[in-house]
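Heads up: the structure comes next, in structure tokens.
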Amino acid sequence: MPLDILQNRNNLLDVTSDEKQTEGALRPKLLAEFVGQNKVKNQLALLIQAAKIQGRVTDHALLAGPPGLGKTTLAMIVAAECGVSIRMSSGPAIQHAGDLAALLSSLLPGELLFIDEIHRMSRVAEEMLYLAMEDFRIDIMVGKGPGATSVPLELSPFTLVGATTRAGLLPGPLRDRFGFTARLDFYSPEELLQVLIRSARLMEIQYYDDALESIAVRSRGTPRVANRLLRRTRDYLLVSNSSEILSKEIALKAMDVYEVDSLGLDRLDRAVLHAIFDRFSGGPVGIKTLSAYLGEEAETIENSIEPFLVRQGLLVRTPRGRQITDLARKHMGFKEDLSGFELYL
């Protein structure tokens, strides 16, 4: 399989800089505006209300789940509902104890600290975070060698909200210090339809119901993908100048242009399935081997591609590696000839 299929790709879960402003405008600001994840919303509402009644900061919270389900949005909502400001950072940006110390010492009383990809923090920073979360203080080492001393630094009370796509990589002592942990689930087509209806209203798009329904079923169970496909469909509607109202026919034409198929697979999804079939005879194949062949990070494949393919029944994980299913062969039109060479239509 030619690898140039991955060049200049547009992964539906990636957020480009020119889309951040639009995405921010579509973000719900309060729990009442947030569609889906009802159990998590109710639990967060209780957490926030209890903290207000007791006059303390909200408990630390860990939000886990695949990309694009609303972890960052929920963190911003928690800050808004608590009436406090939010400071945003990420695990890869906190690699030294000094990085974390500077961040924590600058927090205002009651402020919410959001750390995305918290599982990617360095171990030394994680260990400093234990004491900060539990006692609102950190120990600063002064001096070097045998004469070095530890000086305690008191911190303003704060709330930490961590987000992760790989909760299993967090050490137990860190997970245990979160007072609340939630896993966000993929959305149903019906929930995604509600997301699209709200976004279409904010974007002032006129539509027929079946147009949004056709986008919802192709949105991979992910609101970020749903909103991205809606923006791309709106672009197609404006450029084609064929109608002022978004119809199902126009939506499907836009999906064809952006290479999103009936199950919501994009180019990279199909490239993974093609690679396993063409190069590795349908599998099983190890993630490192697959990553090297595709020229794509293993973490991207594991976090952004595999969950949806597994959920759709197109891919299975076995002790020996990844393997495509009969459903994937049927959907992709893969064929095996009698000579043992595998072909696809």
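Cβ from N, Cα, C; glycine included.
ARG177 is the only one of ARG56, ARG123, ARG175, ARG177 that Swiss-Prot places in the ATP site (with LEU26, ARG27, GLY68, LYS71, THR72, THR73, GLU134, ASP135, PHE136, TYR187, ARG224). DSSP gives THR72 (ATP binding site) a helix state. Of the listed binding-site residues PHE136, TYR187, the Cβ environment within 10 Å is emptiest of other Cβ atoms at PHE136. Comparing TYR187 (ATP binding site) with ARG317 (DNA binding site), their Cα atoms are 22 Å apart once rounded. In sequence order, GLU306, VAL310 are the residues near ARG317 (DNA binding site), counting only same-chain partners six or more apart with C-beta under 8 A. Under the three-state DSSP scheme, PHE136 (ATP binding site) falls in the coil class.
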